[in-house]
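Q: Please read through the structure below; I'll follow up with questions.
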Amino acid sequence: MKTSAVFSAVLSLLSLASADSSSDKGSSQTILSTAFKPGPVFKNTNLVHIVSLEKNYVKETINVAIENIAKKAQDAYYLPFTADQISRLGGVEVKDRKDTSGAPFTAEVVELNPESDIQYLRIKLPKPLAPGASQTLGINYYLLKAYSPLPAAIKQEEAQFLTYTFSAYVPSVYTTLKQKTEVKFSSANIPDYTKLPGTGDVKEFPQKQGTKLTYGPFDEKPAGAYEPITVRFEFNKPVTHMSRLERDIEVSHWGGNVAFEDRFTLYHLGANLSSLFNRVKWQQAQYYKAPTHALKELRFPLRPGSADPYYTDVIGNVSTSKFRANDKEALLDIKPRYPLFGGWKYPFTIGWNSDAKNFLRKTAAGGYVLNVPFLEGPKQPEGVEYEQVELRVILPEGAENVKYTTSIPSQSITSADVVIHKTFLDTIGRTALVIKARNLVDDFRDRELIVSYDYPLSAALRKPVIIFGSLVAVFVGAWVIGNIKLEFATSPSKK
Amino acid sequence: MSAEPIQALVDVGKGKTTRGVLRVIILALIAGASIASRLFSVIRFESIIHEFDPWFNFRATKYLVANGFYNFWDWFDDRTWHPLGRVTGGTLYPGLMVTSGAIYHALRTLTIPVDIRNVCVLLAPGFSGLTAIAAYLLTNEMTVHNSAGLLAAIFMGIAPGYISRSVAGSYDNEAIAIFLLVFTFYLWIKALKQGSMLWGALCALFYGYMVASWGGYAFITCLLPLHAFVLICMGRYSTRLYVSYTTWYALGTLASMQIPFVGFLPVKTSEHMPALGIFGFLQLLAFLDYVRSAIPSRQFQTFLWLFAGGTFAIGLAGLVVATSAGIIAPWSGRFYSLWDTGYAKIHIPIIASVSEHQPTAWPAFFFDLNMLVYLFPVGVYLCFQKLHDEHVFIIVYAVFGSYFAGVMVRLMLTLTPVVCIAGAIAVSSLLDTYLDARSPKPEEQVAESSEKKAPKSGLKSTDKPLVGIYGLWSKSAVVAAMGVYLLLFVMHCTWVTSNAYSSPSVVLASRMPDGSQHIIDDYREAYQWLRQNTKEDAKVMSWWDYGYQIGGMADRPTLVDNNTWNNTHIATVGKAMSSREEVSYPIMRQHEVDYVLVVFGGLLGYSGDDINKFLWMVRIAEGIWPDEVSERAFFTPRGEYKVDAEATETMKNSLMYKMSYYNFNNLFPPGQAIDRMRQARLPEVGPTLSTMEEAFTSENWIIRIYKVKDLDNLGRDHISAAAFDRGLKKKRAPKKKGPRVLRVD
């Protein structure tokens, strides 16, 4: 009874605490009434859309100058997406281009109508924009699982080509006066792309400069203007996709240790093999170090001070890993058991320990503050995307008053709960903070998670006292049982 | 002044409690040593399940833990023996899985988050500690000296004959069965000595546990009646024997019949008949005992002979009739192979193909038991000197165990306990004699000489003249020599354990040029690939050795596995492997095979590969289809088994050969392809495959996986389709030779 009361208190505190870090943790979607439709209250005076296809996820940046053309001050700017895009959309960050020092604006997905294909991202302006006033927004977001390989199946030694389809004009609910779309690639080999008639002195869009295509500038487009563009480009690198990452961070005060464990479910979403894996060709290609779209290696730059790494999968230890650690770095290089080609899967687990003093501080008020990286996945030149992330911070038994903040965009965080996790001779169980996030990419590798909690001395002493007490009880019990004489009295006279 | 501490030291071992505490500490240390000596593979590699059978036990344990006991009991496994399936719950000995399941749940209740794999890996070492303690208890029943028990415990703990089947990761039935064997024997001796129903019931309980754990329970089922029979023949029938035997038999048989796999076998098969026979015989003896007390002795003699002869004749006739009528099953093939070591090779090649079923080579005894080999007869001889009921047991066990250990390598395991006990008795009596610091006193000599005056007072062995050693030098020399032997024994055991018995065989270790360890992990690479990148129900065909591993690691349905319950099914796989593609393809289609897995050691020089096992596949297939598969056709005219250019056509066209060497020559410069295992230069043109395609080959080529092609889209057979694909370019050349001719078919 008492413990549940404590935890409900913790929960309520948490909801208070999270309120100032991010708006709504229960769900990142807010359902508005179906009658709602964003009105033409803004005008995009100038817009630059940068589509970056350099990594195995799409990073889009929209820099837009907006002007309030309504009669009233406005505080919400809407950006439309299709339902499919919304499910793959993540890491939305909006900033004022003129004033980069300020905190990022709140951006959340609002759902008008579950059946409708168009859904909106609502950007809350920190200060309502007065009629006629203008502001410059920098909107950054990522789209996962964005590509489809063409051809869908290739030979082992062939280069991989991907396609991506998007609109030449930013789909907007507002009229756009002037806009330009830039597409960036990782290689200059772009065999196919949609061509559009040019405007002004440019005959034909796009203009190609090295690894960049530029569509536009276009003149005034009405709200909802759409012009599909498909690009097909060489991407002879693995399309690494983590469908799920479960990350456990276990804090031990007695051991002075923070233990990390990451469980990845890794997929290669690139082109499949048209003829099955051929070891001879693979060995020859390895010998000549030929470029390949297969995933051979993953590199994890861990925080300095990391120690005792392990790398396992469902059938045991994987011996193909290297760990280099010194004062300045701790680099874990792992190889999957087999090279991964398109459509192949490889779930694996890595884990390591670190000294608690690297992450844990005691505050002046007597509480504790834990500062850990939110994501520590592999750092690959081609990027890594994470569809589902479940982060579990397991605090010591009896920790209370748990609060957290994180610099991960709030749009990506779907839920955060405090639960009880029972392990290693626990009696009441440990306090665990579970944060679920989705659609993250490795750009957020260095974002931190700060958890603060109280850990009274009585809680710290609970376990040794209980273990000592139960051992004493066992010994006393054994002694008592040993002293019981179980036999028939041989003769009544002896008694 | 200085005498006091020395005196205190001498007195340490004298008090009863001190000795008791010392014994407990020594036993705990022995148990610790026996556990520690089994951890080589965990330290060198990792906590991993070893070899083949343990993978099934591990998979079954996981099923038990996940689904509960009743589902486990009713488990029908449709992922093995495709398309037949296996009634797994009814065809296994559940003792091992239930034991680890219970340990797992107990630890979880104490909120110790232990992984079921670690429970399974460490179960065998844990139980070996218990075995050492059980050996201590059993030996203590034989002698009055506790030192013999302690020696037996340490021998049992580190004897390689037992370690061979109980290293960490060797998660097999024997892991707990040897403990149960020794402990059941201990309880039996205890029951027999006291004539106690309680101990008899406990003996039956552990016998039931043993039956639930290992097929080798038949060893107990035969040994205890034999012991009773020998005692009766020696004229040692007593009510103690009657009480203990009947209690054990009645309760033990009921307990054993609770196991579905055993069921009614205890009353139906010949292996169990001795136990039943002795049970009946004891009833008769008890009856005769009663009659003797009731009628005069002259009449009793006649009555006895008539009665005994009549009963024996009726019993034998009944047994023969019941056996021929099929009510009692005759001896099973595995038992025949225990009498005639050549039997299996002729009649059941599948049993003969397992290396652990081969007759034991003589060096194996020394390898597994070291100095205990020569101490063992001494211990047995010492048992003859005392010859109480329990010593008869050791003698009977020794004779029986030695025979079986000589017949089958695997049964070295059942011999080891008695060797350890007899050896410990020998060493301890030697040490007891020579470690006594006092010299025999003159009075004893007097007593000795006075005894000499009446030498014919009894049997020579019961005389027991008091013998003592006088010289301190001879004492120290003998003790030192014994100490050296014991040290050598420990070193030998450690060496054998470390070098011979601690390889998981799933992972292979090699050394890099710089001396660092390099792990060859091809098995798991390929199994993981199968697990992750094939359909959940893709059927994998492989030789039966790998069935359990594929089930455990790759989690894919298999055609045959190490259970070998269906010889025909195994022969079918053997036929598919040893026939031409045209013959194999329909077989594989009929069995819905998606992938075929072969083990190939030619690149690395790995000896346990399929080409080396190939002749067994041929033999087993030939046993069922003598017209279609012939072993002779795989040998060259000179009778050699070759894989190079001289290999026979049958060999070169067999599916196994093709799958092993497919694409292999492309790894080498033309004409240079060499099979490093068989030191054979392969033909320049490698084999071609038309009904299947290479799907995966592991890093060192140990595992090669092929995908069976679907039917051709154009309805051609695969041979012509493949020839068409290959031949397009080649066919153009002959076209130019002559004028075009209209082909009329």
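Glycine is treated like the rest: Cβ placed from N, Cα and C.
Look at TrEMBL and you will find B:21-43, B:91-107, B:119-138, B:144-163, B:175-191, B:211-234, B:246-267, B:273-291, B:303-329, B:364-384, B:391-409, B:466-491 tagged as transmembrane segment. The domain 'Oligosaccharyl transferase STT3 N-terminal' feature in TrEMBL is assigned to B:21-422. Residues annotated as domain 'STT3/PglB/AglB core' in TrEMBL: B:539-589.
Looking at the shown structure, what environment does each listed feature sit in?
A: Note on the domain 'Oligosaccharyl transferase STT3 N-terminal' (B:21-422): its mean pLDDT in the predicted model is 88.
Sequence-distant neighbours of the transmembrane segment (B:91-107) (same chain, 6+ residues past either end, Cβ-Cβ under 8 Å): 57, 60-61, 64-65, 69, 72-73, 114, 116, 119-120, 123, 171-173, 175-177, 180, 209-215, 259-261, 563, 565.
Away from its own ends, the transmembrane segment (B:175-191) comes close to residues 95-96, 99, 123-124, 127-128, 130-131, 134-135, 137-138, 141, 156, 162, 165-166, 197, 199-200, 202-203, 206-207, 209-210, 213-214, 216-217, 219-220, 224, 227, 243-244, 247-248, 390, 393, 397, 413-414, 416-417 of its chain (Cβ-Cβ under 8 Å, at least six residues beyond either end).
Below 8 angstroms of C-beta separation, residues 93-96, 98-99, 173-174, 176-177, 180-181, 184-185, 188, 241, 245, 248, 252, 255-256, 258-259, 262, 266, 271-272, 274-275, 277-279, 281-282, 285, 389, 392-393, 396-397, 400, 404, 411, 413-414 of the same chain, each at least six residues beyond the ends of the transmembrane segment (B:211-234), sit close to that stretch.
Within the chain carrying the transmembrane segment (B:246-267), a Cβ under 8 angstroms from the stretch's Cβ atoms is held by residues 73, 89-94, 188, 191, 197, 200-201, 203-205, 207-208, 211-212, 217, 221, 224, 275-276, 278-279, 282-283, 329, all 6 or more beyond its ends.
Long-range contacts of the transmembrane segment (B:273-291) within its own chain (CB-CB distance under 8 A, at least 6 residues past either end) are made by residues 221-222, 224-226, 228-229, 232, 237, 239, 241-242, 245-246, 249-250, 253, 266-267, 300, 303-304, 307-308, 311, 315, 319, 328.
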Q: Give the nonlocal contacts of the transmembrane segment (B:119-138) in its own chain as ranges (CB under 8 Å, at least six residues past its ends).
A: 27, 30-32, 34-35, 38-39, 42, 47-49, 54, 57-58, 61, 96, 99-100, 103-104, 107, 149-150, 152-157, 162-163, 165-172, 175-176, 178-179, 182-183, 185-186, 189, 417, 420-421, 424
Q: Do the transmembrane segment (B:144-163) and the transmembrane segment (B:303-329) come close, with at least three CB pairs under 8 A (pairs 6 or more apart in sequence)?
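A: When sequence-distant Cβ pairs are counted, the transmembrane segment (B:303-329) does not touch the transmembrane segment (B:144-163), since fewer than 3 lie under 8 Å.
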Q: Sort out for me which stretch, of B:21-43, B:303-329, B:364-384, B:466-491, has the most Cβ pairs below 8 angstroms to the transmembrane segment (B:391-409).
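A: Answer, by Cβ pair count: B:364-384.
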Q: May I ask which of the stretches B:21-43, B:303-329, B:466-491 has the most CB pairs under 8 A with the transmembrane segment (B:364-384)?
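A: When the Cβ pairs under 8 Å are tallied, B:466-491 comes out ahead.
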